[in-house]
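One structure below.
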Ligand SMILES: NC(=O)N[C@@H](CC(=O)O)C(=O)O
Ligand SMILES: [Zn+2]
Ligand SMILES: [Zn+2]
């Protein structure tokens, strides 16, 4: 039995650090052992320009613990009005690594997102020309499409045509949740990848809905049935470099989750690599964790891999009931329960 696992320092290719006073807790959490993270731009208001991204970068750096070398990687929030010239500027900044497509209304703070892809074809051309990835929240938003089908319908009706129209565009299908997404990514060109969260590897919709409704498991895209969870586990542990780590750790204050109409998002940054280790261990695939967590994302983005290591030990610890989050608290995944791995 493996009791110590040393891997190259991992990166998180999809996280929500929020803004303002919340950075005081979210940044130290991600900086504990991640080398870099792709910082989602769905703030209020969103991060739409290079100047705004650089300003957000500085606020994150200001909240970084003094000894830390953690590096935030910035993302622009795509809107119907995004200027195609912004992409060259973003690339030249050296700080912006990607642009994020939120279909308008698909998820938290996405109302300013894109209403029709045709509105941003000019931007997508520039992204392909600058070899900058488009990150995609892959769900349709039509009221008549069932919430459990929204990822698959997005792939069939939006993503497939998009990859045909822009065959050279690098795309990350973020936080995939279905066997359909796994299949699509496996069959697509090498420059089409996907992130997978720890919670979609560890849980399915039963965890959210059986024996009472558990709002802290509610995230988007929503947890699916167990067969989809199994497909994600197989993909993440397959050693296929198209699949890499993106926690989608998405904190909301406790009152925004435990409510008649609760927000979407689960907090996992308190124990991200530890939770992934549990999932990989379940699959007898701890030897595949390093590629998924520390190599494939950097390779996909064309960035150097980190050159130091972290060590996980198999040691149980108790997760607090909540953590400070701005003026409130956030309830993390596994709150009050135990986690089987700890980072030294
Ligand atoms: N995943 C979520 O359920 N929520 C995210 C938004 C997102 O990544 O879609 C958030 O910002 O809260
Ligand atoms: Zn999303
Ligand atoms: Zn997210």
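Every residue, even glycine, has its Cβ placed from backbone N, Cα and C.
Any TrEMBL annotation is an automated prediction that lacks curation.
As recorded in TrEMBL:
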type	residues	note
DOMAIN	12-310	domain 'Amidohydrolase-related'
BINDING	14, 16, 100, 248	Zn(2+) 1 binding site
BINDING	16, 17, 18, 42, 137, 220, 252, 264	substrate binding site
BINDING	100, 137, 175	Zn(2+) 2 binding site
MOD_RES	100	N6-carboxylysine
ACT_SITE	248	active site
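If you take the C-beta of residue 220 (substrate binding site) and look for same-chain residues 6 or more apart in sequence within under 8 angstroms, you find 106, 107, 108, 137, 139, 264, 265. Here residue 42 (substrate binding site) is compared against the binding-site residues 100, 175, 248, and the shortest C-alpha distance is to 100. Every protein chain shown contributes to the tally, and the Cβ of residue 252 (substrate binding site) ends up with 26 other Cβ atoms within 10 Å. Averaged across the domain 'Amidohydrolase-related' (12-310), the predicted model reaches a pLDDT of 98.
Proximity to ligand 1 (Cβ under 6 Å from any of its atoms) holds for these binding-site residues out of 14, 17, 100, 137: 137. When the C-alpha distances from residue 252 (substrate binding site) to the binding-site residues 14, 16, 100, 175 are tabulated, the minimum falls on 16.
Distance between Cα atoms for residue 16 (Zn(2+) 1 binding site) and residue 175 (Zn(2+) 2 binding site): 13 Å, as a whole number. Note on proximity: among 100, 175, 248, the binding-site residues of the record, the Cα nearest residue 18 (substrate binding site) is that of 248. Checking the binding-site residues 42, 248, 252 against ligand 3, the ones with a C-beta less than 6 Å from an atom of that molecule are 248. Taken residue by residue with DSSP, residue 220 (substrate binding site) is part of neither helix nor strand, so it is coil. Note on proximity: among 100, 175, 248, the binding-site residues of the record, the Cα nearest residue 17 (substrate binding site) is that of 248. Under DSSP, residue 252 (substrate binding site) is assigned to coil, being neither helix nor strand in the three-state scheme. Filtering 14, 17, 18, 100, 137 by Cβ distance to ligand 2 (under 6 A) retains the following binding-site residues: 137. Summarising the substrate site geometry, the residues cited as binding it (16, 17, 18, 42, 137, 220, 252, 264) extend over a maximum Cα to Cα distance of 19 Å.
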